[in-house]
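Read the structure below first, then the notes.
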Amino acid sequence: MSSMRTHYCGLVTEQFSGQEVALTGWVQRRRDHGGVIFIDLRDREGLVQVVCDPDRPEMFKAAEEIRNEFCIRVTGKVRPRPAGTENANLTSGKIEVLCHELTVLNPSVTPPFQLDDDNLSETTRLTHRVLDLRRPQMQYNLRLRYKVAMEVRKFLDAQGFIDIETPMLGKSTPEGARDYLVPSRVNPGHFFALPQSPQIFKQMLMVSGFDRYYQITKCFRDEDLRADRQPEFTQIDCETSFLTEQEIRDLFEDMMRTVFKNAIDVDLDAKFPVMEFREAMARFGSDKPDLRVKLEFTELTEVMKDVDFKVFSGPANSDNGRVVGLRVPGGGAISRGEIDAYTQFVGIYGAKGLAWIKVNEVAKGRDGLQSPIVKNLHDAAIAEILKRTGAQDGDIIFFGADKAKVVNDSIGALRLKIGHSDFGKANGLFEDAWKPLWVVDFPMFEYDEEDARWVAMHHPFTSPKDEHLEYLETDPGKCLAKAYDMVLNGWEMGGGSVRIFRSDIQSKVFRALKINDEEARAKFGYLLDALQYGAPPHGGLAFGLDRIVTMMAGADSIRDVIAFPKTQRAQDLLTQAPSSVDEKQLRELHIRLRTAEPKPNA
């Protein structure tokens, strides 16, 4: 391999017995057993046991002085381990290396934690990320990330895609998430924006005739962070010309199947199921449903319109209200304390409470039910609830009644919490499997109550369905888009759409968004101009590489599959970024800081 080593530690196996090897790595552990020193030597491929015998005094003296995380080089002979001392958990577990020579390449100060400590806080791990990345799980995660990216490139290259870079410094378009702004020193008072996606550039590449484009690139969004969000993230960005929506979906479904098979030997469905946005929201309250959870909403809005219970009838008679039931088979065993905990949980999502009915005996109707709300419901409503939910003896039915968004968010989250719980898994409410699907036919627009206007659900370059073009000017709320998301186990793996390729339709969409011609020209004139030069029909997808690898690795957060991530406060604890800069730098950029005004006392 090199003049310093002949093999990786973790790849030395019994086939090398009797051979001389040179190994380099870090001391995982040093043990002194009856005058013989054992060293667990670690590199990126794993561990090997090195035996240091006192018969070689100079080498043995060096071995006595080493400590954890010293970087060393050893030479020695591979031999079988004595019978009964093999370690089946290691690739090298049947052999050991009898050390002939040991060199300390670099000592180490005492690490702030043991690398095999699984209870470290994330703050400690991110502050000492260099050491954290030495841990086997992190080594695995980042190598898996490389493998996924490599498999994506292999697939797309074979399909005739061309890897083209697009600019990192672009124009700010204050739509959607906030941009990260970069001041221009040579153009005082002007700013670049880091790209939220290469969306417009890849569309212009299609106009330029490149036909099939991709890049694996960084994108930036200055938004509030969650477990699956970072201010900078990596996107597998793809665009094609002259393909229909179905052909685009088929192509990238095949890509995802290939990547999962080659990267982690998982066979995804031969054909992903397809679900309309409307159906996903009706059944699961989410446009990215986790199909592993075997619980669904039951629509009860109509049933509750005439009940003498304002908690239900109020939302049922409201234009933007919704009432649903969530039947949990066997849920009668859920304790009152657990119900109280679930009530607190749905409150996180804006729910004002959590109504429930335990079904003791269906055949007895009202008398077979246990709940404080039964007295508020007439017999017809109770009968309809039991019928529609398919309730059986021993079940519990939870209810959501509020604005549709609150119901979808709160009962949707409750569905997942119960399904993923020990109770859910023990009662067959969760299937441990890979469950992909396409969600399609998204609305083009959603209404922003605060600004009293329509906003694009995806982005303003998404094409409306051909049969809905008339709604752009008459009723934008009815307009559906040629948009599609690939969902896997409740995570959006990628999303895309067929794009608008005619400038007249693009202008109509801008007008529906209350972006007048002058504003559209100022923000997107270069795209509108490009569309006039025979732009081809085109569309594509963008996949979140971080999310894909997180799912494959079974990691808790995308921060576990990124080498140097930011915290949920968008800070890098290793380098202490972001940081203040000196006055000279600000003057060169023609920037003066404005001190935040103190908030008045309430």
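Placement of Cβ uses the backbone N, Cα and C atoms for every residue, glycine included.
Among the features that Swiss-Prot reports, site 'Important for tRNA non-discrimination' is placed at HIS33, GLY84, with the record citing sequence analysis. As annotated by Swiss-Prot, L-aspartate binding site applies to GLU175, ARG221, HIS458, ARG499, with the evidence given as sequence analysis. Summarising the annotation, Swiss-Prot assigns region 'Aspartate' to 199-202. Positions annotated as ATP binding site by Swiss-Prot: ARG221, ASP222, GLU223, GLN230, GLU492, GLY544, LEU545, ASP546, ARG547.
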Whole-number Å value for how far HIS33 (site 'Important for tRNA non-discrimination') lies from HIS458 (L-aspartate binding site) (Cα to Cα): 64
Minimum Cα separation from LEU545 (ATP binding site), reported as the residue among recorded positions HIS33, GLY84, ARG221, ARG499 that achieves it: ARG221
DSSP residue counts for the region 'Aspartate' (199-202), split into helix, strand and coil: 4 helix, 0 strand, 0 coil
PLDDT averaged over every residue in the region 'Aspartate' (199-202): 95
Per DSSP, three-state class assigned to LEU545 (ATP binding site): helix
Integer Å distance between the CA atoms belonging to ARG221 (L-aspartate binding site) and GLU492 (ATP binding site): 17
Residue from HIS33, GLY84, ARG221, ARG499 whose C-alpha is spatially nearest that of ARG547 (ATP binding site), among the recorded positions: ARG221
Spatially closest candidate among HIS33, GLY84, GLU223, the listed recorded positions, to ARG499 (L-aspartate binding site) (Cα to Cα): GLU223
Top Cα neighbour of HIS33 (site 'Important for tRNA non-discrimination') in the set of recorded positions GLY84, ARG221, GLU223: GLY84
Which of HIS33, ARG221, HIS458, ARG499, all recorded positions, has a Cβ with the fewest other Cβ atoms inside 10 Å: HIS33
Assigned element (helix, strand, coil) containing ARG499 (L-aspartate binding site), judged by DSSP: strand
Cβ neighbour count (within 10 Å, all chains shown) around GLY84 (site 'Important for tRNA non-discrimination'): 5
Cβ neighbours of GLU492 (ATP binding site) where a neighbour is any other Cβ within 10 Å: 16
Where HIS33 (site 'Important for tRNA non-discrimination') sits in the secondary structure, as DSSP reduces it to three classes: strand
Packing count at ARG547 (ATP binding site) (other Cβ atoms within 10 Å of its Cβ): 20
GLY84 (site 'Important for tRNA non-discrimination') versus GLU223 (ATP binding site) - Cα distance in angstrom: 56
